[in-house]
Amino acid sequence: MQARGKAGRTLFDKIWDRHEIHRPDAGPSLLYVDRDFIHEGSFHAFADLRKRGLTVARPDQVFGMPDHYVPTAGRSAEAAATPELRQMIETFDRNMKWAGVNHFPLDDDRQGIVHVVGPEQGITLPGFIVVCSDSHTSTHGALGAIAFGIGQSENAHVLATQTLWQRRPKVMRINVTGSRGHGVTAKDVILSIIGMIGAGGATGYAIEYAGPCIEAMSMEERLTICNMSIEAGARCGIVAPDETTYAYLKGRPYAPSGALWEAALTDWRLLRSDLDARFDREIEIDAGDIAPMVTWGTSPEHVAGINSVVPDPAEQPDEQRRKTLQAALDYMGLQAGRRLDDIAIDMVFIGSCTNSRLEDLRDAAAVLRGRKAVIPGMVVPGSAQVKQAAEAEGLDLIFKDAGLMWLEPGCSLCAAMNGDIVPAGKRCASTSNRNFVGRQGAGSRTHLLSPTMAAAAAIRGKLTDVRELMR
Ligand SMILES: CC(C)[C@H](C(=O)O)[C@@H](O)C(=O)O
Ligand code: SF4
């Protein structure tokens, strides 16, 4: 795409343009990549490299850690749920050693879900292009980076060259105005955005989140917002770096320090959309209108405020949509008109790259403190660092006293790839990002919600408006 006349440039344009090594008249551009994150899914890419006799071009810019297949019951590959899972973790470790890249293995105190660890270690920085062969790479955009998921053959290309061919997406700005009401979290904001624009609403776009509500958010909240950009179909999500970003990054192990920090700050302050920047699409949403949200169907767009009812597919004018909604209700075992806060839940999962950071655990613990869960639940911190910090504050004791399991970091029940599953027909209130058919195990039923809402569901054994339990 050519420069856009005299109009100002968006934050996205500025970062993209800096990384463009080659811009052909048509088709994808060749981009320089600052960081490539790797998890167990990378075995295809490594097999590809070996077959072609290639090595890793910039090992110091590649960071690998196991997360999808790791056991939550212990910290060694031997604790893996099956021999196949153990083999996945061991193959990954071998590939990391072969490649000579940064490697945070299972027993390393930096290990965790790749999208939690990257920001936490200061590996992801403003102005970067960050890739990972994982769709939720969009998370890292919260720090003011262009961050997107890639396929394994693209990953092999990045590993071998530190560059990537990529088509420039259009740019959409979502302005979140107003301020959130009591008990309304970042998760509720992003769920209501997805409910509004739909699971395909941002297909072909990069989203810049802006406006007073986003500016007032902590870094951890912005990470939750950007994480789910992909659930609206977006290529990535980004928030302009500001004082919140700098305060978060300062002193992190991989963030610049001393004179380099000062130089970086000077540069990062340029990273914002010009006042006259033109966006391909602009949307506005008032945070004051948002209630605690919960999904009732099998797509993150099947979402509503906790005080509403399961919608009636018959009211849909479009026949295909009617059928999709009916199929979702059949799978979920729900009838139209049922009050959402009347739906009984079998278990809760507090975790995933959406909501497993320290603030998420603090939020859930604040609701659970001194109370008992009436259903089983798993609390899975996003990283070893989060786990340590949570234990230092005694959050683990609050979860355990409430009757929930306090486990080792990893993706766990978010994608049910490590042996943790929701049994068929059971209903799970989950702080993760996908409620697809079978996502948490064959026949499992997932209701997406925030950490405080998950805590409320655990206490009441049903979907509950957390505002009734807030102290
Ligand atoms: C397994 C992995 C490639 C996948 C992704 O791309 O997102 C997973 O992380 C998910 O959340 O579904
Ligand atoms: S926590 Fe879930 S969404 Fe995030 S990377 Fe792991 S499987 Fe994917």
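Cβ coordinates are placed from backbone N, Cα and C, and glycine is handled just like the others.
In the three-state DSSP scheme, C411 ([4Fe-4S] cluster binding site) falls into the coil class. Per TrEMBL, the feature [4Fe-4S] cluster binding site maps to C353, C411, C414.
Cβ proximity to the [4Fe-4S] cluster site centre (mean Cβ of C353, C411, C414, cutoff 8 Å) flags the following additional same-chain residues: D67, H68, I113, H115, H136, G351, S352, T354, S356, G382, G410, S412, A415, S432, N433. The Cβ of C414 ([4Fe-4S] cluster binding site) lies under 8 Å from the Cβ of F349, G351, S352, C353, T354, S430, S432, N433, R434, Q440, each on the same chain and at least six residues away in sequence. Secondary structure from DSSP puts C353 ([4Fe-4S] cluster binding site) in coil. Over all protein chains present, the Cβ of C353 ([4Fe-4S] cluster binding site) has 29 other Cβ atoms lying within 10 Å. Just so you know, the Cβ of C411 ([4Fe-4S] cluster binding site) picks up 31 other Cβ atoms within 10 Å once every protein chain is counted.
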